[in-house]
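Participant: In case it's useful when we look at the structure, here is the feature table from TrEMBL:
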ACT_SITE  His232  active site, proton donor
BINDING   His232, Asn233, Ala234, Asp235, His236, Asp273, Asp376, Gln427  AMP binding site
BINDING   His236, His272, Asp273, Asp376  Zn(2+) 1 binding site
BINDING   Asp273  Zn(2+) 2 binding site
DOMAIN    156-468  domain 'PDEase'
Amino acid sequence: MHGPLDMDAEARLVVARRASIRPWPSPPRRPSVVRPLSKHPICKSAPDVFATYRQKTDMTIVAPDPTATIELSLQSPPPRSNGSAGSVTPPFAHLKPLMKLGPHLLAKEIDWSDIVDIDDVDMLCDDSDSDEDERGEVTPEVVRLALSLTAPGVLPPADVLAVTKIMMDSDNGFGTWHFNVLQVAAYLPRSVLSFLSVAMFAVLGYEDIDLPVLAAFSADIEAKYNREVIYHNADHAADVMHSFFAILRNTNLVALLSETHQIAGLLAALMHDVQHFGLTNKYLKQAEHDLARTFPVCCPLEAMHSDVGLKVLSSHNLLKRFSPSLQADMRHTIHETIWTTSVCEQKRLLAALAAADRSSKEYLTLIVQIAVHVADLGQTSKPLHIHKVWVDRLHGELFLQGDLERARGWPLSIDCDRAQGICPKSQTFFMEAFVVPAFSALRNLPGMDDMDSPLRQVEHNIAHWKRV
């Protein structure tokens, strides 16, 4: 039996590693601007659910680039803040040196010489579309409001314009299936989650949510996401939250859910991986980590995320305008939704959804749960070049765990061996066994046929991994 995990000693470990991690390109460098300032059975974690399949199947392996090396520290960084305006440190500095980006990932060059004033962003909207606010669409005003509440004075006018253009792209911008959160994160590495949170709530226009309070709450949550973690960080949380928002905007989900259930889903997505430190539930339990002792359930990470997130929610009293009974219902929905983001809970969730009484309050909670679960898997439905960036990030995180397992003399967990690289058949199996059933369950709800669009992209990405 292994003794308790010495996290202090392990946190000092610097892993020199080979990997294939591609961040989104950073915007042009600029000078800093100084401003003031369970009851559930024991289950396997996601990478282990299909371990038997991997062991019985002849796999084709894609090895990482042997020339690409990275040094990563497992030491927790200082708390985030927006205090370092303009951030001269690239948002992915802790991942350098990096593999060369392909041509399709290079940042589009923008001629900033014509930019005169921040008010130029108003030109992005035709005056004839002045009723967009009433229809709840993103506008330059929404972007400026979100920036003023979450990153005041951080961006120069040129970058405000660039972010606004990204947000308002009619084909790939804010609220679309193809929106790339990492493009915004390149400009707002310390506040992408809080910025997008405020933008979402501003567009949806919930009268009982105070936007300045939301901004403070989301910034507090964002500060608790570990920037050293490669995948389960604030960028991922922002992507999951936006994926849920996109489902609300592009399907019948907004008609199926009450306003309180919509809000609960957004907040659950925002906080669903808070304080994640890049290790799986299986690892934590095998190492007898304190977290596994504190939450002796099959998914201690999800239990911790819910506990931390709900405490921060209470400290900001974000739901104060709702009645006590509604607040209790929303907190319950948030807790249940975070819990079922774990893939090991998917079978139970799908069975409960299929058997639920559609007239019951529990049915609405289950809809929120499946929608956020789908959003958590949402990177699999992004255009292939974006999806592959997230796959690289996830495996970079898994490879670090494999390094720790090897150092302990343990058998390596599935997909954690950096020497084997990314396995296309693992990607195919996971997406066919877990992603497609989750997306299909949401698509089969009343009036949810608009989910066909992201489902088609999932199938396209599966076809890619089968060809590799």
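Glycine is treated like the rest: Cβ placed from N, Cα and C.
Automatic, uncurated: that is what TrEMBL annotation is.
For each listed feature, how buried is it and what is near it?
Facilitator: Under the DSSP three-state reduction, His232 (active site, proton donor) is assigned to coil, being neither helix nor strand. Cβ environment of His232 (active site, proton donor): Asp273, His276, Gly278, Glu397 lie under 8 Å away, each six or more residues apart in the same chain.
Annotation for His236 (AMP binding site): spatial neighbours Asp273, Trp390, criterion Cβ-Cβ under 8 Å with sequence separation of six or more.
DSSP classifies Asp273 (AMP binding site) as coil under the three-state reduction. Other Cβ atoms within 10 Å of the Cβ of Asp273 (AMP binding site) number 25 in total over all chains.
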Participant: Based on Cα coordinates, which of the following binding-site residues are within 10 Å of His272 (Zn(2+) 1 binding site): Asp235, Asp376, Gln427?
Facilitator: Asp376
Participant: Around Asn233 (AMP binding site), which residues of its chain at least 6 apart sit with Cβ under 8 Å of its Cβ?
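Facilitator: Tyr225, Asn226, Arg227, Asp273, His276 - these are the non-local Cβ neighbours of Asn233 (AMP binding site), listed in sequence order.
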Participant: Taking the recorded Zn(2+) 1 site as His236, His272, Asp273, Asp376, identify the other residues of that chain whose CB atom sits within 8 Å of the mean position of the site's CB atoms, giving them in sequence order.
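Facilitator: So the extra residues in range turn out to be His232, Ala237, Val240, Ala269, His276, Thr341.
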Participant: What residues, ordered by sequence, lie under 8 A Cβ-to-Cβ from Asp376 (AMP binding site) and sit at least six positions away in the same chain?
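Facilitator: Asp376 (AMP binding site) has long-range Cβ partners Val240, Ser243, Ala269, His272, Thr341.
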